[in-house]
Amino acid sequence: MLLNCGRALPLLSHTDVPPRVTENFILTGYRFPNYSLRDCLLSAFRPTNETGNFWTHFLPIFVFAYYFVEMFGWDGAPDANAPFFYPMWNYFIGVFCLLMASSMAHLLNSMSLVVREVCFFVDYGTISAYTVGSSLAYYYYIHPRAGIVEKGDQNSSHLDLNHEHTGALSYSTVPEFNLFFETYYMPCACVIAIICVLSCCNTRQRWREHRYIIRTLVFLLPFLISSTPVFYRVLTRSPYSTTSSSFAASTTMPGFFYRHSLWLLASALFNISKIPERLAPGRFDIWGHSHQWFHCCTFLSIFDELHMIQAEVRAILLNPDFLLPPTTLSRLPGPTVASTYGVMLLLQTTIVSIIVCFSWRASRIYGPQRDQLKDKRSVEHVKVS
């Protein structure tokens, strides 16, 4: 039932809402956890302590999409639906789901305590899906021989942009990296993503005192694993000839990666320190508190990551011939539906199963409080009227 259709519901202080709803050092601007869907949607246009959290991840969706599609107009780029771009579309899905789930979680979490838990379970799940989407893009575009399919003799490689393929790739690297990257990289990314979901969901039902530290540290691990091919590229010589246009395009990649890492570090510091509201409780309740800065920094990190990946895509498109003499043969296949969308579908299915399990547990914990909260809100509404 839609409540209070004609006027906005009152905002409350931290003493007027269940302790489960409160955030450290945020004293006012709370919505009571029994809003209707309509109330939640309307609250996006009034100053609550979640308004900034919503907009700082909702608006970036359009910014990201605008810069994402520009690469389809580059010279030499295949059609947007070509297998060459399968990893990029999976990356887009991961980013889109992360930003949308995060913004909706902050907008809709006041419908009930159970809905609040489910919203943030989904939020954690999409973060993990994003890390795997990033890994797929790194796997196919940033590896020294990514996307380069062996044709003819070993010293001449050409990029197959429009067809799925399973040809061998040639690249020069150390055997240990071969083994990890070709055999364990994507399975590790997926397993760690699942571990992250389980750990973060658990912080909503246990380990509450250290939840922000745990969530932040847990998501540091997938960054370290997923960025392995980037670390390799940064620490070794470019696979492109120094006189090629591909080399010039690829040289921008390290700068974007450093900025990507810097924004991630800043977001972690905001999430753990709770600055600035820790320094002045009550002053940053609506605008400027740490979670809003956390959102801004995470998007800026994603934005630089997009440019980092696009730099490598542009380098491949500018010069699809690798000039380094190959020393080993790899069995790394090119992007296929199964190796990209299939991986994401399997991961998402697993994540959804985990979310359903934790949501069921949350309903058993907070479901019995639903009627009690409804009665309390009705009393508060009568007092205000």
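Glycine is no exception: its Cβ is also placed from the backbone N, Cα and C atoms.
Listed in TrEMBL for this protein:
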{"type": "BINDING", "residues": "HIS106, HIS291, HIS295", "note": "Zn(2+) binding site"}
{"type": "TRANSMEM", "residues": "52-69", "note": "transmembrane segment"}
{"type": "TRANSMEM", "residues": "89-108", "note": "transmembrane segment"}
{"type": "TRANSMEM", "residues": "120-141", "note": "transmembrane segment"}
{"type": "TRANSMEM", "residues": "184-201", "note": "transmembrane segment"}
{"type": "TRANSMEM", "residues": "213-235", "note": "transmembrane segment"}
{"type": "TRANSMEM", "residues": "337-360", "note": "transmembrane segment"}
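Feature map: annotations from TrEMBL on the structure.
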{"residue": "HIS106", "record": "Zn(2+) binding site", "Cβ neighbours (10 Å)": "29"}
{"residue": "HIS291", "record": "Zn(2+) binding site", "Cβ neighbours (10 Å)": "21"}
{"residue": "HIS295", "record": "Zn(2+) binding site", "Cβ neighbours (10 Å)": "25"}
**Prompt:** Where else in the chain does the transmembrane segment (120-141) make close Cβ contacts, counting only residues six or more beyond its ends and a cut-off under 8 Å?
**Reply:** 87-88, 90-95, 97-98, 100-102, 105, 109, 147, 181, 185-186, 189-190, 192-194, 196-197, 200-201, 204, 215, 219, 222-223, 225-230, 305, 309, 312-313, 316, 334-335, 340, 343-344, 347-348, 351-352, 354-355, 358-359, 362
**Prompt:** Inside 8 A of the center formed by the CB atoms of HIS106, HIS291, HIS295, which other residues of the chain have their CB, for the recorded Zn(2+) site?
**Reply:** GLU50, GLY52, ASN53, PHE54, THR56, HIS57, SER102, GLN292, PHE294
**Prompt:** Sequence-remote contacts (6 or more beyond its ends) of the transmembrane segment (89-108), Cβ cut-off under 8 Å?
**Reply:** 37, 40-41, 43-44, 50, 53-55, 57-58, 60-61, 64-65, 68, 115, 119-120, 122-123, 125-127, 129-134, 136-137, 295, 299, 302, 306, 309, 340-341, 343-344
**Message:** Is the transmembrane segment (337-360) in contact with the transmembrane segment (213-235), using at least 3 Cβ pairs under 8 Å (sequence separation of 6 or more) as the test?
**Reply:** no
